[in-house]
Amino acid sequence: MSGDNLDPGTQSALIWSNALTLLRGNATLSARQKGWFEGVLPEAIYGTTIILAVENNETQRMLQTDLNSVLLQALKVANGGIELFPAFKILQSSTRATPPGAQVEAERAPSRAKPAAAEAAPRGSAAPAKPATHYDEAVVQTFEDIMPGTNFDMPASTGSFPQVPMKDRQRKPSLDPETHLNRNDTFDTFVPGDSNRFARTVALAVAEGSGQDFNPLCIYGGSGLGKTHLLNAIGNYALLKQPGTRVRYVTSEEFTNEFIDSLRADKASGESRINEFNRKYREIDVLLIDDIQFLGDKESTLEQFFHTFNSLYQNNKRIVIASDVPPKNLKGFEARLISRFEQGLTVDVKPPDLETRIAILRMLVSTNGTYVPNDVLDLIAERFTDNIRELEGALNRVTALASLNNQPVTRILAEQTLQDFFSTDIELKPTDIIGRVAKYFHLTFDDLVGPTRTKNVTIARQIAMYLTRDLTSMSLVNIGQVFGGRDHTTVMHNCKTISEGMKDNPQIYTYVTELTLQLRQRISE
């Protein structure tokens with residue numbers, strides 16, 4: 001369907017109107033099934049994604065599972081034969097599970113509504129969460145916990161900015177303590193494009209349980225391109241489709257640490273906990289392991305993973321692996337393990353093209369409830385080309401400054417804000433960033449990577465982690481290792497704390513901006 005000259009809202013309304021007509025006339029659907037589509041409201045189209053607002057979680061669940069294939073087909077036909085993927089938003093907190101127009105049939109049919117407790121927190125594996133390390137202090141510390149009364153011995157921030165309420169924080173990670181899944185990373189929020197569409201299609205097939213020919217699925221590509229998002233999306237969808245599914249997302253770092261801990265003798269029994277470890281990882285339905293390249297040369301851990309892999313594979317359990325390189329290029333892995341990886345399917349994710357980058361930015365804006373003009377999104381998409389993390393970081397800087405100054409986002413503001421942050425071919429080293437941040441706050445390098453938990457050290461450490469994440473291609477796991485062996489979830493939390501703090505606290509925005517400028521100037525020297 002041609003809609004190049006239409007705004008995203010009008011285009012989505014036209015396509016949804018046609019799709020709804022097709023769905024209403026579909027003779028294979030019952031009146032009850034058709035009723036699920038009646039309360040859906042189209043909001044916008046961004047690239048190949050249409051945002052649909054639904055009334056409650058039950059409607060979203062139905063459209064993502066039982067009615068997903070017929071919905072996708074209707075959208076494709078309505079869009080002139082071009083695939084269109086729905087992303088869902090909840091309109092309100094209503095819990096009504098009976099679709100409009102289906103009350104009579106619903107009275108005769110068994111209720112499909114899930115118990116409230118099951119809807120609120122679907123669970124996968126019953127294994128306990130990994131115990132916090134002694135460096136995980138940031139997991140329970142927020143920006144508001146740290147900033148009151150904090151006094152840094154450094155130049156005062158320039159200018160005076162009004163305090164502006166923050167936007168809705170819908171992108172804040174929501175980690176399930178049992179499955180370790182980020183509930184925000186779903187197929188709905190994954191923007192497909194030429195660079196990742198095949199990977200998304202295969203990942204969805206695995207999540208639905210129909211991708212046995214793709215087992216194991218290996219996803220590889222550079223940092224910040226969506227591998228972790230796809231892993232989480234697979235797990236979240238598998239739980240959504242069948243809540244009893246035992247799912248476990250784990251990084252190679254976590255797998256290694258848990259294995260080592262399991263070898264230590266239990267104080268009460270004097271025996272190791274290796275059997276408990278084996279049950280935890282061999283009695284699950286879906287194993288999602290991230291950054292597997294970091295298992296290279298860890299002989300004992302690789303041996304354990306080899307047996308875990310074989311156990312799951314022989315029992316037809318789903319295995320999905322993410323890496324920065326294809327299996328054949330993994331270093332420090334035995335040939336027998338690489339051959340097992342390659343007996344499934346290997347797919348890659350590449351840097352997004354311009355159209356996909358724009359669509360990603362529009363999705364971020366829509367999710368965060370912020371208005372950003374198209375010319376600003378175009379500017380960011382044109383200038384930041386390497387990965388999705390760069391795009392989100394640039395968008396965050398622009399909207400944060402606008403929020404602090406209580407002014408609209410404009411192209412002029414974006415150009416002024418980002419003029420010193422455009423990509424460079426020279427990448428900073430994490431040690432350079434930590435050293436610069438330590439000097440800025442009159443601290444030492446060891447203060448930031450060590451166990452000190454005073455407020456001034458904690459906020460400086462969080463800023464250093466944010467800048468390392470923003471200015472390098474390092475993964476969360478790698479950053480955690482640089483900062484004294486901290487867990488990747490700690491790094492994720494700290495980066496989000498600073499990202500959010502930049503939006504409503506001028507002091508934190510000034511710290512990040514000045515440090516970024518100093519680090520960029522160091523590169524150009």
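Each residue, glycine too, has its Cβ placed from N, Cα and C.
Note that the structure is a prediction, hence the values are computed from the model and not measured.
Taken from TrEMBL, the feature region 'Domain I, interacts with DnaA modulators' applies to 1-118.
The region 'Disordered' annotation in TrEMBL covers 96-132 (among others).
The compositional bias 'Low complexity' annotation in TrEMBL covers 112-132.
Marked as region 'Disordered' by TrEMBL: 156-188 (among others).
Look at TrEMBL and you will find 166-186 tagged as compositional bias 'Basic and acidic residues'.
As annotated by TrEMBL, domain 'AAA+ ATPase' applies to 213-395.
Under the three-state DSSP scheme, GLY226 (ATP binding site) falls in the coil class. Long-range Cβ contacts of GLY226 (ATP binding site) within its own chain (separation 6+, distance under 8 Å): PHE190, ASN196, ALA199, VAL349, ILE388. According to TrEMBL, the ATP binding site annotation covers GLY224, GLY226, LYS227, THR228.
Feature annotation from TrEMBL assigns region 'Domain IV, binds dsDNA' to 403-525. Residue counts for the region 'Domain IV, binds dsDNA' (403-525) under DSSP, split into helix (H, G, I), strand (E, B) and coil, are 87 helix, 0 strand, 36 coil.
As annotated by TrEMBL, domain 'Chromosomal replication initiator DnaA C-terminal' applies to 429-498. Computed over the domain 'Chromosomal replication initiator DnaA C-terminal' (429-498), the whole-number mean pLDDT of the model equals 89.
Highlighted in sequence order, GLY221, SER223, LEU225, HIS229, LEU230, ALA322, VAL349, ILE388 have their Cβ within 8 Å of the centre of the Cβ atoms of GLY224, GLY226, LYS227, THR228, the residues recorded for ATP, and are not part of that set. Ranking the binding-site residues GLY224, LYS227, THR228 by how many Cβ atoms sit within 10 Å of each one's Cβ puts LYS227 at the top.
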